[in-house]
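Sequence annotations record features per position, and here TrEMBL assigns domain 'CBS' to 600-666, 697-755. TrEMBL lists 68-92, 153-175, 195-215, 227-243, 255-279, 332-356, 368-385, 441-461, 468-487, 515-540 with the feature transmembrane segment.
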Amino acid sequence: MVSAGAMSGSGNLMDFLDEPFPDVGTYEDFHTIDWLREKSRDTDRHRKITSKSKESLWEFIKSLLDAWSGWVVMLLIGLLAGTLAGVIDLAVDWMTDLKEGVCLSAFWYSHEQCCWTSNETTFEDRDKCPLWQKWSELLVNQSEGASAYILNYLMYILWALLFAFLAVSLVRVFAPYACGSGIPEIKTILSGFIIRGYLGKWTLLIKTVTLVLVVSSGLSLGKEGPLVHVACCCGNFFSSLFSKYSKNEGKRREVLSAAAAAGVSVAFGAPIGGVLFSLEEVSYYFPLKTLWRSFFAALVAAFTLRSINPFGNSRLVLFYVEYHTPWYMAELFPFILLGVFGGLWGTLFIRCNIAWCRRRKTTRLGKYPVLEVIAVTAITAIIAYPNPYTRQSTSELISELFNDCGALESSQLCDYINDPNMTRPVDDIPDRPAGVGVYTAMWQLALALIFKIVVTIFTFGMKIPSGLFIPSMAVGAMAGRMVGIGVEQLAYHHHDWIIFRNWCRPGADCVTPGLYAMVGAAACLGGVTRMTVSLVVIMFELTGGLEYIVPLMAAAVTSKWVADAFGKEGIYEAHIHLNGYPFLDVKDEFTHRTLATDVMRPRRGEPPLSVLTQDSMTVEDVETLIKETDYNGFPVVVSRDSERLIGFAQRRELILAIKNARQRQEGIVSNSIMYFTEEPPELPANSPHPLKLRRILNLSPFTVTDHTPMETVVDIFRKLGLRQCLVTRSGRLLGIITKKDVLRHMAQMANQDPESIMFN
């Protein structure tokens, strides 16, 4: 017996893996990344750059560029996300108005822009100008009467159907991943799952275009959730330009966390709310460095959007409001009631929407996505047009509901009976009795509320981009405004009641119905998403009302408590479970008293664990094992008899290593011995070249003993982001627990079908 070194005639056997080869360290589609390994690789890379930087000036400059690359990526993400959000806002504004009419002076002007440029517009008739013509005026030269109404009605429906058809066709043909809100998938990707193409260039392009189309079609959906997806696509694109991020999936996810913050920043004009949203709602791993970078990306995105000024009011959002009246302690009771309503609406929506989406998945309905979108759009347009509150865009509706009734407001909601002797400042109008317009608006709002509640259940989850923030806020704002008007009229007519006596004197401006709309919007959004801190910050950044934080907090916390009483899952977690993504929620508690030995594979009666030995298997043996199994990796042991653990080898890296060795190393054949030790094994003189693969071996795989409580194992998987964990007893390998096994076990313990986790 001689060593391979002596046999080959050269004292030094080539380990071809001393230099990295392409694709090592990458992951296959629908697999989970190894967070610990990614972190360790980044530490090694950083150490190498630091040591090289002392060698020459050029290396020092390269190390500075590497350090600054993170901030450059954030700057680029902020600029692109802000620009895209501004373009989307402008396009939506124009296309929404296109359903009702067209501007004669320039067809690309929206109704508002058209009337701004007209010299014949008066303040009283500011919504009417000769340059803006409805379709009936343009086609049959009639602005009033039944025929004009029917023609405008038909044009509204036709434009809505055209926009929706274009959107669903583009998604279906070019980018199937551009549908939905994208937040459930982004949460899953940030937790370490790979979904190739989900954040690709085609998805970015198609999602941006179709988002404009679907919001303009008048469907009950918003652009805020999809804007997070759009921003993350920007983040993915820019991170692929820098090797620091493109070659490390863990570092890439830090960029995506910051991009999500920029997305919310431009969606709501709320940079701080965006950072908190990313931290509270979507991110899995959020170190302090990512917090600063998220803040910077959100700041740049908000600044870019402000420079574009899409709404022409120097604000970042359409529904910016200012209230002039403080709130009073007695009003906390209706605010908490709105919180209860938000929690109940959230529960109802999640249950009904998930039931409908499950039906879509399991029946023939799912085979006709285009037909479904067309049908829902047609029903929405037919029912929405007669009611002015459902005909206008949802953002405009929320803006009108949030508004305080000033002296210059022309909305029906502000049709109060004025006292002719009133001489008060313009922004301090006292409470007044409701006029006919307010009562008409109340029943129209009630009908609009029922319609929104029902239609949103069927709209969210269709094969088009669809956000949930705006429809949820609209439901809450409508309920809140109605409650606000009710409280206002009660205070006006019964100001001598004990609850009003101390703070609501006759002639005072006591109750602000717009504030109730704002609180209701926060409550409903909180009930659906289960957000709390970030929700309150987003709402007060939206409205600029710092003194209304307490009502918002009271409503947000109440809605979360009420919704949690019926089920802990928010809408995004519910969709993650529906789609079977391998997501270990940090918020879930595991309290069952099971052990690692109860969950590990192989179980009793199952074939033994597939393992590699450190120096006795041939290349052919390993290739056969890879072909016959679909495991992501294999434990490496000293020998099948001892079962003493050496390390863990990833399937993908074994395949790549063997393929590269056959191409680059002479003498590697099917019966070459593969070894994972430092020194080659003793081999007969006529043996072919052995293949050394120590470089791809993980020498410190995470292990637990067979008596470790599953509570601890689940915690380890969550906090360290493991793919798998090996189970040993006294150093001997017993089995393996994968993330999939943990999720199956958790589903089983919660009395759910463990096979409902449809991975891969």
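Every residue, even glycine, has its Cβ placed from backbone N, Cα and C.
A Cβ distance under 8 Å defines the sequence-distant neighbours of the transmembrane segment (68-92), meaning residues of its chain 6+ beyond its ends; these are 208, 211-212, 215-216, 223, 227, 230-231, 234-235, 238-239, 241-242, 244-245, 255, 258-259, 262-263, 265-267, 289, 293, 296-305, 307-311, 393. Counting Cβ pairs under 8 Å that are 6 or more residues apart, the transmembrane segment (255-279) and the transmembrane segment (153-175) reach fewer than 3 and are not in contact. Sequence-distant contacts of the transmembrane segment (368-385) (same chain, at least 6 residues past either end, Cβ-Cβ under 8 Å): 153, 156-157, 160-161, 164-165, 167-169, 172, 217-220, 360, 391, 451, 455, 458-459, 462-464. Within the chain carrying the transmembrane segment (515-540), a Cβ under 8 angstroms from the stretch's Cβ atoms is held by residues 264, 268, 270, 272-274, 276-277, 279-281, 321, 323, 325, 327, 334-335, 338-339, 341-347, 349-350, 398, 401-402, 468-469, 472-481, 483-484, 487, 546, 548-549, 551-553, 555-560, 562-564, 569-572, all 6 or more beyond its ends. A Cβ distance under 8 Å defines the sequence-distant neighbours of the transmembrane segment (468-487), meaning residues of its chain 6+ beyond its ends; these are 181, 220-225, 267-268, 331, 334, 337-338, 341-342, 345-346, 349, 389, 394-395, 397-398, 401-402, 413, 434, 438, 442, 445-446, 448-449, 452-453, 456, 459-460, 511-525, 527-529, 571.
The predicted model assigns the domain 'CBS' (697-755) a mean pLDDT of 88. Note: the domain 'CBS' (600-666) comprises 24 helix, 17 strand, 26 coil (DSSP; helix = H, G, I, strand = E, B). Look at the domain 'CBS' (697-755): DSSP puts its residues at 24 helix, 19 strand, 16 coil.
Residues 95, 98-100, 135, 200, 202-203, 205-207, 209-210, 213-214, 216-219, 369-370, 373-374, 377-378, 380-382, 385, 391, 462-465 of the same chain lie 6+ residues outside the transmembrane segment (153-175) yet bring a C-beta within less than 8 angstroms of a C-beta in it.
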